[in-house]
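What Swiss-Prot lists as active site is H50. Here Swiss-Prot flags H96 as active site, proton acceptor, drawing on sequence analysis. Look at Swiss-Prot and you will find Y53, K92, D494, G531 tagged as ATP binding site, backed by sequence analysis. Annotation source Swiss-Prot lists Mg(2+) 1 binding site at E94, N532, citing sequence analysis. Feature annotation from Swiss-Prot assigns substrate binding site to S95, H96, N97, H98, R117, Q241, E313, S314, Q315, S534. Swiss-Prot lists D118, D269 with the feature Mg(2+) 2 binding site, giving sequence analysis as the kind of evidence.
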Amino acid sequence: MTISNTRPITPDLIASHGLKPDEYERILNLIGREPTFTELGIFSAMWNEHCSYKSSKKWLRMLPTKGPRVIQGPGENAGVVDIDDGDCVVFKMESHNHPSYIEPYQGAATGVGGILRDVFTMGARPIAAMNALRFGSPDHPKTRHLVSGVVAGVGGYGNSFGVPTVGGEVEFDARYNGNILVNAFAAGLAKSDAIFYSKAEGVGLPVVYLGAKTGRDGVGGATMASAEFDESIEEKRPTVQVGDPFTEKCLLEACLELMQTGAVIAIQDMGAAGLTCSAVEMGAKGDLGIELDLDKVPVREEHMTAYEMMLSESQERMLMVLRPEKEEEAKAIFVKWGLDFAIVGKTTDDLRFRILHQGDEVANLPIKELGDEAPEYDRPWTPAKTPSPLATNDIPQADVAEALLKLVGSANNSSRRWVYEQYDTLIQGNSLQLPGGDAGVVRVEGHATKALAFSSDVTPRYVEADPYEGGKQAVAECWRNLTATGALPLAATDNLNFGNPERPEIMSQFVHAIKGIGEACRALDFPIVSGNVSLYNETNGQGILPTPTIGGVGLISDWARMARIRFAAADEAILLAGAPEGMGSHIAQSVYMRDIHGRTDGPAPHVDLAHERKIGDFVRDLIADGLVTAVHDCSSGGLALAVAEMAIASGIGATIAAPENDPIAAFYGEDQGRYVVTVAADKIDAVAARAAVAGIDLPVIGKTGGDSVKLGDANTVSVNELRSAHEAWFPTYMGGDLAPDN
């Protein structure tokens with residue numbers, strides 16, 4: 001059978017597929033001939049940044065991925081971590097940045113759908129979702145439209161599918177004007193002895209297509225996700241996928257039912273690069289070839305070419321290697337759920353990826369070189385430059401109370417209620433903590449006391465100032481947020497969003513952030529078990545803020561002892577665990593400097609990982625023993641914002657003692673490794689004794705009570721006034737009534 005080609009391969013065609021001249025030469029040397037148009041599309045999909053990680057692979061190997069609880073680390077659809085009693089949590093975070101900018105509703109919706117498939121492909125039932133969203137400046141003409149579409153897409157898919165959204169982030173910065181970020185996280189529960197993998201095994205076994213039919217939506221999506229944007233962005237709208245959450249719900253139930261029959265040898269969801277990537281990954285991992293007959297692929301559009309079928313990113317589809325004797329039983333399950341079930345190929349022993357279409361062989365390629373032996377680059381990067389510290393006399397002053405009121409009602413520090421009230425946070429009936437606290441918490445169904453905590457974190461302005469410290473801080477804050485609920489942090493997933501890696505200064509950000517993330521994960525016993533890299537987040541040469549989002553999972557052994565951020569009662573002591581001298585001192589890169597004075601200079605705060613570990617373990621023990629009544633991590637906005645958020649959540653005021661140092665640094669400094677905790681009067685002595693034994697500074701800095709917040713010698717601000725400011729910004733902005741400078 002001869003290889004059929006339908007289109008001449010020209011330099012322009014090669015370039016339009018995102019392949020560099022040296023990569024095309026590598027293809028010619030690899031296969032010994034000119035590729036067909038379909039083969040060119042396959043190489044483009046598999047060798048692009050989105051699928052091959054060719055610029056990041058070298059550095060990702062530096063991350064710790066193993067631990068006593070890790071069942072499966074990176075390399076599968078999702079990470080798997082043991083949570084005792086024969087149960088495990090399966091989770092991952094992935095980006096859908098480029099599609100969401102072009103078509104916000106469908107881009108965000110299919111981002112949620114894709115991450116849910118990654119989880120249930122492993123045999124887990126999804127129990128929680130989060131999303132970390134970054135938008136451009138609020139006064140940019142597209143921002144309101146993008147926020148509306150993305151939030152509706154996230155909610156529309158997640159709500160219909162039936163998974164609670166328990167946490168996330170929403171932030172604004174002009175650096176995201178041309179490239180928003182939509183990072184979707186999902187977690188599911190499974191039995192530790194019933195995990196399903198994507199590695200194909202056995203020769204001559206049927207390769208089965210499952211789920212929805214294939215259309216032209218998403219053709220070239222993975223290639224688009226590996227390129228910068230320019231003026232032709234609107235032309236890329238057809239490359240955005242279209243999702244159907246109700247079909248995905250049926251696919252979930254059908255897959256989990258099928259998995260109980262013993263029919264599944266290997267299974268892989270069709271995400272980026274669709275049928276191409278799923279088939280190549282299954283075969284390459286198992287050292288097997290794959291032959292596909294595209295005439296047997298269920299399609300919903302007429303006259304689809306082999307190129308379109310191989311690169312379509314139509315949603316709600318799976319590929320499976322099946323035990324032949326289970327074919328009828330498996331087919332009956334999918335027919336019952338109204339889904340397609342078609343044997344579209346077989347495994348082979350020749351390590352070839354062979355595609356047949358209308359009697360022609362349209363592709364015949366070496367499968368290993370397409371998959372796990374794709375090109376790998378060691379791109380040049382520049383040494384890191386650390387900004388000079390701010391001089392003591394270079395800290396601009398402001399009224400402490402006025403600054404607090406402005407910050408709680410600002411774009412980046414106000415309540416996200418407008419967002420999360422569009423998400424179903426309670427479906428499944430296991431949600432214990434909803435968005436707005438330090439972490440979302442979900443009860444483990446079937447267990448009397450066990451719960452899981454989830455958080456996603458990164459502070460891009462820190463990463464921009466110092467990628468190494470910023471990488472450490474993203475991990476530390478995620479670990480701290482989990483700890484603040486009483487959870488033992490188990491493991492993390494990363495979503496590394498950066499600009500163009502071909503620019504040495506951007507590659508430097510990536511390299512140093514990875515080094516910081518790796519060091520923090522090792523110090524905190526918080527391995528990375530899954531993740532995603534999203535590069536080329538640039539428009540016309542303007543890159544985003546470096547945004548390595550960390551999503552973490554923690555285990556709460558007894559959710560009755562879980563901590564919350566809201567003050568529990570009046571007349572309780574407020575203590576600052578991990579307090580530096582003077583309550584706070586690091587004002588550079590703070591939201592105070594950015595949002596009150598418009599300054600983003602100076603170094604990021606240093607993260608002392610030994611201190612972080614010591615304080616976090618101490619606070620977690622206090623929570624487990626019922627010695628504290630409220631806990632909140634101290635991060636963006638410093639002590640002032642932490643106390644204000646605790647007051648707003650509870651309706652109870654607070655009085656904080658006047659610091660001995662500069663009140664601006666004390667209240668708005670963003671020193672790391674700190675928790676605000678409250679303790680009832682009858683427990684103070686016990687807590688102080690523990691702190692003394694542990695060698696931990698735990699000063700009493702104030703007291704709860706009243707209906708206002710007073711910071712040192714500043715004027716009081718009523719809790720109602722704080723709450724009104726906190727709740728007003730988002731609905732006012734989305735209603736179109738907000739002045740741009742707010």
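Including glycine, each Cβ sits where the backbone N, Cα and C put it.
The least crowded of the recorded positions Y53, E94, H96, E313, Q315, judged by other CB atoms within 10 A of its own CB, is Y53. When other Cβ atoms within 10 Å of the Cβ of the residue listed as 'active site' are tallied across all protein chains shown, the result is 26. Taking only the Cα positions, the spacing between N532 (Mg(2+) 1 binding site) and D494 (ATP binding site) is 6 angstrom. Close to D118 (Mg(2+) 2 binding site) in the fold, though at least 6 residues off in sequence, lie N77, A78, K92, E94, A186, D269, G271, each with a CB less than 8 Å from its CB. Of H50, Y53, H96, D494, G531, all annotated as recorded positions, the residue with the shortest Cα distance to Q315 (substrate binding site) is H96. Among the recorded positions listed (H96, E313, D494), H96 has its Cα nearest to the Cα of the residue listed as 'active site'. Sorting the binding-site residues S95, N97, N532 by the number of other Cβ atoms within 10 Å puts S95 first. Its Cβ taken as reference, D269 (Mg(2+) 2 binding site) is surrounded by 28 other Cβ atoms within 10 Å in the chains shown. Nearest by CA distance to E313 (substrate binding site), out of the recorded positions Y53, H96, D494, G531, is H96. Neighbours of the ATP site: apart from Y53, K92, D494, G531, residues of the same chain with C-beta atoms within 8 angstroms of the site's C-beta centroid are L60, P74, M93, E94, T493, N495, L496, I528, S530, N532, V533. Under the three-state DSSP scheme, K92 (ATP binding site) falls in the strand class. The Cβ of G531 (ATP binding site) has 27 neighbouring Cβ atoms from other residues within 10 Å, across all protein chains displayed. Using CA atoms as reference points, the recorded positions S95, H96, N97, R117 were checked against G531 (ATP binding site), and the closest is S95.
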